[in-house]
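Asks: Starting off with a structure, shown below.
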Amino acid sequence: MANLRFAVSIQRWVPWLGYHHILMILIAIAIILLSLLLAGCSSSSPLIPGIFLISMYYQNYVPTYSTAQVDPGVTAAIANIVGGAQMEVRVGYFGICVNNEGGGWLCSNNATALAESQSIDQDPLNLIWVASTFKDSIVFPYLIIVAIILAFVTFVLLATFPGWHEETNAATGSDIDVKPFPSRPVSQVALALIFIASIFVLVSVLWQHTASVAAATIAQDLGNGSVKSGVGTSAMVLGWFGFVLFIVVTIGLLVMILSIIVLDKLTDG
């Protein structure tokens, strides 16, 4: 009986779910994903330290030797300096997280405070300073912030689109469901805003991906045999999914506007 009531309730509301409501849902999901991306490493809350752009950690491994190395023996000197250090540093857009010997994460946007909480033996190569330099000099979160603001404005504009409502047919006297076309200027403004937001996210994600891979590669090469580094998969997934959702909304709005233009011409004809 409960399942029957649920089915009836769904059938009652689904017809009133407009095309623009689906676009609004996609925008909301994209905003949440991009907000999580920006929040990465900003606190020690569960899952937040797992959203990072780049990680660097001390680990002894067989170094890579190359004929391009002027002094291959420097790896032994670095290994002696590192000793038994096991610290890991993760970098987000607005914060840095530090973990020692598999313990809890300590996160802050203040690299000096994090450095003061560690001893020389825990961070002998100053990875916290390297992480802070990457965050302050290379990471640029403001394009994503602007994109989120533009997407929110688009969401508000879509919320103004007219929905289904009942009108009485003058000829038959019966009630019919009517949904007027949305304002064309409002639709065009929404399309322009979400398109710009998509471009901003694309540029930011490409920048993020390229910078993270480059920095991770260089950091590991400099700490050859003693330092490992990697790029955050979660951050990449959040960024690219946010971009894809914005593109889907952009295409959806474009299709809607073109469809309304075609229908107007057919009606006038």
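Note that Cβ sites are derived from N, Cα and C of the backbone, with glycine treated the same way.
From TrEMBL, here are the annotated features:
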- 20-39: transmembrane segment (TRANSMEM)
- 142-165: transmembrane segment (TRANSMEM)
- 185-207: transmembrane segment (TRANSMEM)
- 237-263: transmembrane segment (TRANSMEM)
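Situate these features within the shown structure.
Replies: Beyond the ends of the transmembrane segment (185-207), by six or more residues, the same chain brings 27, 34, 140-141, 143-144, 146-148, 150-151, 153-154, 157-158, 160-161, 236, 239-240, 242-243, 246-247, 249-250, 253-254, 256-257, 260 to within a C-beta distance below 8 angstroms of the stretch.
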Asks: Residue list, the transmembrane segment (20-39) vs rest of chain: Cβ under 8 Å, 6 or more residues beyond ends.
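Replies: Long-range Cβ neighbours of the transmembrane segment (20-39): 48, 51, 92-94, 141, 144-145, 147-148, 151-152, 154-155, 158-159, 161, 182, 194, 201, 235, 238-239, 241-242, 245-246, 248-249, 252-253, 256.
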